[in-house]
């Protein structure tokens with residue numbers, strides 16, 4: 001039964017995987033704002049099907065509702081991250097981009113509270129959890145008409161006047177300043193009339209390398225252990241000696257710590273940069289995962305009740321590091337690594353990796369736990385992937401704070417050299433001819449479309 005339930009929980013991410021392939025199409029076809037309307041409508045439909053499955057009853061309908069809900073979640077996350085990235089000024093993009101992750105953590109807190117056995121987390125009242133979810137989605141849907149479409153999408157469609165008004169609204173500036181910002185955005189999009197598809201990001205090396213960095217961030221985030229903590233924290237805490245009430249309250253506390261950490265991260269992200277936040281947070285996550293494994297293993301051997309409370313502390317520390325970096329940053333790091341024309345495609349790949357990874361993890365965790373034990377399952381799934389990703393990101397992840405695609409390219413060239421990777425990144429020893437520089441920059445212009453920036457740099 002545990003294996004079946006593990007699959008039912010994980011099937012949400014199967015629907016989300018399908019949604020990942022829809023993000024670019026929806027974003028470029030109907031726009032970011034209208035796409036959010038579609039995803040909210042799908043979420044309301046999924047919640048309605050879940051409620052209906054309680055009263056019919058029909059478990060197949062509940063499974064379908066999980067798939068549709070997963071599609072809605074994936075599209076909503078992808079489009080909202082893209083929307084915020086395009087609607088925010090460059091100097092505030094990091095803090096505003098963190099809001100996606102912060103809102104995810106806020107949703108986790110709300111879900112943890114209403115799902116407590118003392119509220120709606122019972123056999124008779126669980127359907128009210130979905131009713132609450134529908135109510136929240138309807139509130140957000142009702143607020144959307146008061147916000148304009150993102151400037152980036154409007155410029156792509158040639159709606160210059162609407163784009164200017166959108167910039168004035170989101171940047172809180174007058175029309176004259178909005179025109180200046182409009183010209184900056186147009187400069188980035190210049191000569192970039194073609195739209196990159198998801199396969200284009202794989203085929204074109206200049207895009208593939210940067211998109212892959214974002215994918216590794218998403219992969220490490222997914223295999224950090226957060227998916228299992230979000231899905232099975234209650235069961236994990238019960239298995240380490242806590243009773244039902246203690247495990248429920250601890251689960252709520254973990255969610256609150258995660259949300260507070262996201263708010264703190266939003267304040268400091270533009271002061272310290274993306275690279276330092278991600279490297280520090282992944283290092284903290286790796287250490288916490290090793291300690292969590294040790295606590296689980298020790299409880300299995302000796303059964304000390306106090307270990308359950310110590311585990312709560314380290315899961316809270318884990319969620320702090322997660323919310324500080326990979327949690328929110330994975331939603332917009334791709335948008336900063338690649339140019340405007342490839343953002344939706346790169347964002348789609350990041351979403352694909354995230355949802356596929358979470359589907360595999362949540363499906364595999366309970367069966368592995370039954371075969372190997374909880375501690376060893378946690379070690380295998382959430383220590384090695386983070387360690388490997390951390391090493392890769394140290395040598396490959398550039399700083400993207402307040403940088404355009406040209407500056408990101410320069411930051412990549414200045415990264416530390418990894419002796420075994422075959423790169424030559426000792427900037428002081430490089431002797432590149434002027435023709436090679438021009439050729440490389442012309443390739444960037446082809447990918448990102450900014451001939452003015454190229455002329456300025458040359």
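The backbone N, Cα and C atoms fix where each Cβ goes, glycine too.
Database features, via TrEMBL:
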type     : residues : note
DOMAIN   : 1-401    : domain 'Major facilitator superfamily (MFS) profile'
TRANSMEM : 6-27     : transmembrane segment
TRANSMEM : 34-56    : transmembrane segment
TRANSMEM : 62-84    : transmembrane segment
TRANSMEM : 96-119   : transmembrane segment
TRANSMEM : 125-147  : transmembrane segment
TRANSMEM : 211-233  : transmembrane segment
TRANSMEM : 253-270  : transmembrane segment
TRANSMEM : 277-300  : transmembrane segment
TRANSMEM : 306-333  : transmembrane segment
TRANSMEM : 378-395  : transmembrane segment
Establish whether the number of Cβ pairs under 8 Å between the transmembrane segment (277-300) and the transmembrane segment (211-233) reaches at least three, counting only pairs separated by 6 or more residues. yes
I need to check the long-range neighbours of the transmembrane segment (96-119): which residues 6 or more away from its ends have a CB within less than 8 Å of a CB in the stretch? 77, 80-81, 84-85, 87-88, 125-126, 128-129, 132-133, 136, 230, 244-245, 248, 251-252, 254-256, 258-259, 261-263, 265-266, 269, 323, 327-332, 335
The transmembrane segment (306-333) in contact with the transmembrane segment (253-270), cutoff 8 A, at least 3 CB pairs, sep 6+: yes
Outside the transmembrane segment (378-395), six or more residues from its ends: residues with CB under 8 Å to it: 213, 216-217, 219-220, 223-225, 228, 278-279, 282-283, 285-286, 289-290, 292-293, 296, 361, 364-365, 368, 372, 415-418, 421
Who are the chain neighbours of the transmembrane segment (62-84) in space, where the CB to CB distance is under 8 Å and they lie at least 6 residues beyond its ends? 8, 11-20, 22-23, 26-27, 32-33, 35-36, 38-40, 42-43, 45-50, 53, 96-97, 99-100, 103-104, 150, 331-332, 335, 343-344, 347-348, 351, 355
Long-range CB partners for the transmembrane segment (211-233) (under 8 A, at least six residues beyond its ends), listed in sequence order, are 9, 108, 201-202, 247, 250-251, 254, 278, 282, 285, 289, 292, 315, 318-319, 322, 326-327, 329-330, 333-334, 337-338, 342, 345-346, 349-351, 353-354, 357-358, 361-362, 365-366, 378, 381-382, 385-386, 389-390, 392-393, 396-398
Taking the domain 'Major facilitator superfamily (MFS) profile' (1-401) alone, what is its mean pLDDT? 85
